Amino acid sequence: MPKKKPAKHPGEDIAAPLSKQTGASMDTWSWLVHNGTTSTFVCISLFALLIRSAVSMFPYSGAGTPPKFGDFEAQRHWMEITTNLPTIDWYRNGTYNDLSYWGLDYPPLTAYQSYIHGVFLRIFNPESTALLSSHGHESYLGKLLMRWTVLSSDVLIFFPAALFFVLVYHKTRAKSAKREVAWHIAIILLNPCLILIDHGHFQYNCISLGLTVGAIAAVLYESEVLTCVLFSLALSHKQMSAYFAPAFFSHLLGKCLRRKSPILAVLKLGIAVILTFVIVWWPYLRSLDDFLMVLSRLAPFERGIYEDYVANFWCTTSILIKWKKLFTTQSLKSLSLAATVLASLPSMVQQILSPSNEGFLYGLLNSSMAFYLFSFQVHEKSILMPFLSATLLALKIPDHFNHLTYYALFSMFPLLCRDKLLLPYLALSSLFVVIYHSPGHHHVIQKTKASLFSFTNIPGYVFLLKTHFFISLVLHVLYLTIQPPQKYPFLFEALIMILCFSYFVMFALHTNYTQWTLSSHFGSADKEKKQI
């Protein structure tokens, strides 16, 4: 009897021909993606957790620098306050809650999160949340538990939201190759900016951004009530989630206006938003004074229109125009509001007139970049908002996403150096290069290069990008090796700011233009019958 051929491994049919084409690296990638999106997501998630854990072994903001330390101490102090004082006193200045020492300045959902994490810390390390006596607490166990709270927040909120988005997004796309899906998952979960800020510098952006990603996925899933609930929760966790508000508002309004009963559609979503905010804010809605007290903590206008050297319009142009000297804070509030609205308006109008899923994703990117460039009191870390939107659109703008990643990281370079996170900065930058140029990337580039308008077609643009890149490399070296002149102690920070700002402006122009060109592709949608 003839011998039976041995059964093939499930992935052999795919892996074998690919290995002949591109070698061992393609074999590995094919093995990773073969078993489906969920299995791929789990594998990449485990690697992403490993990277986060490695970064968390490095110093954090304010490590060993009394009297106020830094963001790590701020988060720990909020756990101390919320676990020891009544809810109504969390935002009120008093004997046991000195607001000048890292007073709570985020919405109530952040306070509730601090309470839950504080209870966790108090079980295993009571000293780390003891009222008053725990200020500046930096025991090994306390730091370890704090790091675990960020990791668990990522696993419980950001990762599931990312999976929800990937499943819905690639289901709605015409043809998504498995390599593309795997590449997209890696780009989202191994977001270098988010990892460095949350697990290095120390914050909980993964919660508000996870809720936002969940809301975005709900839009693609056509569950508008769920969208409103999730985004209202994101706003109730961090007020910076408002960077995305124009995109959500304009897209949902555009869809409601196309219904048979637009007023009822708007009313339904409005009720979902109001109910969510009432539930989250309830302890502070019983008194107008209490409500205003919390609001006053969320808008620190007294700090001025900018701090440090952030790569936005106000800080960059302050080299020539002394905004703080020429205008009052009230005038600057009005100016920044007008500039932000005007910068957001084109993408909002496009979505109201011609709402589409792809246009919505571009709208998120454009509105968040408008807020980053023009709003009041922007921090270096605020680049996380537009960068998150860009990761979701990475398959559509791979080349531009590559450049944005570099300059988003570079804009935070001085901050990360102050936190002694140079090695994680270099490691994650290198990891991004490896992921970006993985086998799945080449397939993405082939599909997008011919179809999308690119500024690279403009004469001189490629030369400008190369010049930018060369200057940035020089600035990296100068910042690390040479002391600036005594007369200009922040010279290098200012040069980094100017370089990054100029790129962000070019990027914003490109993405706004691209969003408007989508109207022609989706123009046929205007002729569809109104939905119920």
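Placed from the backbone N, Cα and C atoms, the Cβ positions cover glycine too.
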Segment assigned the feature transmembrane segment in TrEMBL (from 29-51, 397-419):
29-51
How about long-range neighbours of the transmembrane segment (359-376): same chain, 6 or more residues beyond its ends, C-beta under 8 Å?
216, 219, 242-248, 250-251, 301, 305, 312-314, 332-333, 336-337, 339-340, 343-344, 346-348, 350-351, 382-383, 385-386, 388-390, 392-393, 396, 501, 504-505, 507-508, 511-512, 514-515, 518-519, 522
When each of 148-169, 263-284, 421-439, 488-509 is checked against the transmembrane segment (209-235) for Cβ pairs under 8 Å, which one has the most?
148-169
Range from 148-169, 181-197, 263-284, 488-509 with the greatest count of C-beta pairs under 8 A to the transmembrane segment (421-439)
181-197
Mind checking which residues of the chain, 6+ beyond the ends of the transmembrane segment (488-509), have their Cβ under 8 Å from one of its Cβ atoms?
308-313, 315-316, 319, 343, 366, 369-370, 372-373, 400, 403-404, 407-408, 410-411, 413-414, 455, 468, 471-472, 475, 478-479
